[in-house]
Amino acid sequence: MINTFQLLCLMAFVSQSINIENNQKFLEPDTKKVYHIRLQEKETKVYDKQSFYKLVAIHQNKLKDSSFVQISKQGPQYMRMHNYKNIQYTADIGIGTADNTFKVVLDTGSANLWIDSNRCQEEGCLRHKQYKHEDSESFISLNQELNVEFGSGNLKGIVNADTIYFGDVTLPRQNLAEIISENGSIFRDLDFDGILGLAYPKMAPIDFNPVFDNMMKQNVLERNQFAFYFAKDANDISHSEFTMGGYNPSHVDGDIHYHNVIDKYYWMIKADNILVDNKDIGLCNHSCRLVVDTGSSIMSGPFDDLRILLRELNVRSHCHEINTLPIITFQIDNIDYTLEPHEYIKPTNFDGAQLPELNDGDDLQTLIEVNNWDCIAAFIPLDIQQPQGPAWILGDIFLRKYYSIFDRDKDQVGFAKAKK
């Protein structure tokens with residue numbers, strides 16, 4: 001069935017035989033078929049980030065309004081809200097030929113491969129590179145319609161097939177959805193040509209062959225794993241990395257803890273509890289679901305639970321004393337994963353002044369005090385209904401701190417503290 005999404009962040013692959021741009025480099029695979037691929041990062045315009053934090057703040061304020069319509073899905077369709085990334089991770093894949101490259105997003109919260117097509121003549125499409133299937137000798141017409149609704153717009157596409165060049169791997173007859181119509185500023189304003197979904201095939205339409213499943217069928221990797229490292233410094237444009245076929249131990253600080261996937265739709269795991277300064281405030285009832293989503297720049301939680309959390313945090317009253325805010329702990333299989341205030345609080349303002357990118361080590365409290373900024377918690381309400389929900393979303397706020405490994409062989413997600 002048609003899948004809808006959860007909060008888009010931007011990540012990506014690159015091909016060995018393509019033209020590498022700027023700081024993006026392809027690293028040679030080792031003898032065990034493990035590929036370490038640098039992610040290319042790009043800073044978006046200030047007004048995009050400012051608009052995003054306004055959006056988060058508005059949704060948090062509406063949690064107090066009983067008339068607020070909750071974001072939810074109906075039937076088999078799952079609502080997904082994009083973010084306006086302050087840092088965007090992209091890389092290239094080749095389509096048709098290895099040197100016909102497109103910037104794509106790696107998204108563990110979706111399962112389809114979407115590519116901007118020259119069949120779309122809307123503003124957003126025309127601002128990005130467009131796929132021309134008539135120029136590809138390996139194009140196969142399937143002519144199946146696919147439509148997806150987003151929290152910030154929608155995509156319409158036609159599913160066909162072509163050869164994909166993905167790292168050192170060639171994938172013939174790969175299903176892809178040519179975008180023929182798009183609606184929403186997220187597609188117009190950000191710098192990507194497509195979305196490459198890495199969720200389970202259950203999320204994809206019937207008979208749609210997701211990219212990683214195609215790789216698994218060809219048995220081209222030593223392990224059916226992939227992993228992400230996100231640089232914490234906003235100005236670090238060369239060290240974020242995607243690994244397929246295993247993981248990169250050089251990014252791991254300490255032990256790796258693996259957690260079983262409980263629903264092979266999203267990369268969903270189970271939490272024992274969610275604590276605020278080691279207190280149980282009723283967010284999880286000793287068992288709740290977590291979706292690990294590289295396509296989410298921030299975090300999200302069920303409407304009612306997030307209302308409880310934000311009331312407990314009382315962020316606006318502590319903008320000038322950030323360090324007094326509590327630590328949020330996700331307890332998973334008796335392992336504590338913490339987020340400290342400087343990791344989940346973001347500054348914002350509404351007077352049109354520019355907001356600088358925050359680097360690792362910046363004193364957030366001083367920046368807020370000196371610039372007289374307001375601040376918000378990097379959470380947004382999102383209700384995912386049954387059977388997948390209710391669930392919390394672990395996005396980049398969490399994944400920048402914890403190196404993440406996605407294992408399809410054992411259906412597990414691994415976390416380790418990320419080494420700087």
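The backbone N, Cα and C atoms fix where each Cβ goes, and this holds for glycine too.
Caution: TrEMBL annotation is automatic and unverified by curators.
Quantities reported herein were computed from a predicted structural model and do not represent experimental measurements.
According to TrEMBL, Cys120 forms a disulfide bond with Cys125, chosen from Cys9, Cys125. Cα separation, Cys125 (disulfide bond) to Asp107 (active site), rounded: 20 Å.
Between the CA atoms of Asp293 (active site) and Asp107 (active site) there is a gap of 7 Å, rounded to the nearest whole number.
Note on the domain 'Peptidase A1' (89-416): mean pLDDT across this stretch is 87.
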